[in-house]
Amino acid sequence: MITPLDAHGNIDYNATNILIKYLEGINVDYLFPMGSTGVFPYFTLKERKDFLKFVRENSKKPIMAGVGSSSINEVNELMKFSMDIGIEAAVLMPPYYIKLNQEAIYHYYKEILSSNDMDLLIYNIPQFTNKIDPETVKNLKSEFSSVKGVKDSSADIRGFMEMLSLSDDDFAVFQGQDDLLFTSLELGASGGVCGTTNFSDGIVRLYHEYKNNREMALKIEKNDVIPLMKKLGKYQFPNAYYEYFYKKNNINGGYRPPMYRVGIEI
């Protein structure tokens with residue numbers, strides 16, 4: 001989910017409700033607030049909690065809460081809060097800013113998992129954070145039953161295939177790059193956690209068609225998903241995602257610096 005903003009850069013809860021109803025209408029399986037597209041680092045802990053609470057109170061869909069932070073104390077606080085309000089799972093990427101080796105990343109997750117019983121999806125997005133290797137994921141998976149899967153947004157298909165080798169009935173592997181979802185499903189991925197669902201149902205249609213009509217799914221990727229991703233990719237992430245949502249819904253939305261309007265045509 002994006003985090004809709006008003007003209008002053010504050011969270012717009014009316015627009016958020018529009019987004020929730022849209023996502024429910026296209027039949028996504030989960031809502032994922034406060035992730036990368038939701039620009040979670042731009043918000044205070046209180047803002048993040050308030051947004052998570054609003055989403056929980058206004059949707060009966062299962063929710064995966066973004067709890068990312070380099071501060072373990074902040075992660076623990078967000079996970080406890082999320083559990084207390086009835087959110088089903090958390091999504092957590094490795095720490096960012098300071099370069100860490102795999103041992104440090106393992107201990108980061110171990111500290112958090114030892115303090116929380118909440119189901120967790122590990123989030124590999126090395127464009128923005130430290131990279132977590134499949135072997136580290138494997139070690140955490142074997143030690144903690146609450147590790148239920150991984151979202152991989154690395155765009156590294158070989159690395160993704162290594163993640164896929166970990167999948168089983170209790171461990172799901174999701175693709176985070178919209179234009180790689182079809183290929184990932186071919187390789188055995190559980191599904192996708194994809195940003196264009198904020199304003200387009202292409203990914204959802206692709207996923208459901210794939211089960212019954214592979215050729216139709218491939219056509220959706222070629223005609224809908226890839227052109228949209230190429231258009232969005234011309235602009236600073238994730239500004240165009242916000243503007244696309246605002247324009248599609250006739251919302252006078254805003255941006256929180258360093259975000260800005262990019263002028264995308266829809």
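Just so it is clear, glycine is given a Cβ too, placed from its N, Cα and C backbone atoms.
Features as listed in Swiss-Prot:
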ACT_SITE  Lys151  active site, schiff-base intermediate with substrate
BINDING   Ser36, Thr37, Tyr123, Asn124, Ile125, Lys151, Asp152, Ser153  substrate binding site
SITE      Tyr123  site 'Proton shuttle'
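Those same-chain residues not listed among Ser36, Thr37, Tyr123, Asn124, Ile125, Lys151, Asp152, Ser153 yet with C-beta within 8 angstroms of the centroid of the substrate site C-beta atoms are Gly35, Met93, Ser154, Gly176, Val193. The separation of the residue listed as 'active site, schiff-base intermediate with substrate' from Tyr123 (substrate binding site), Cα to Cα, is 5 Å.
Calculated from their C-alpha atoms, the gap between Lys151 (active site, schiff-base intermediate with substrate) and Asn124 (substrate binding site) amounts to 6 Å. The Cβ neighbour count for Lys151 (active site, schiff-base intermediate with substrate), using a 10 Å radius and every protein chain shown, is 27.
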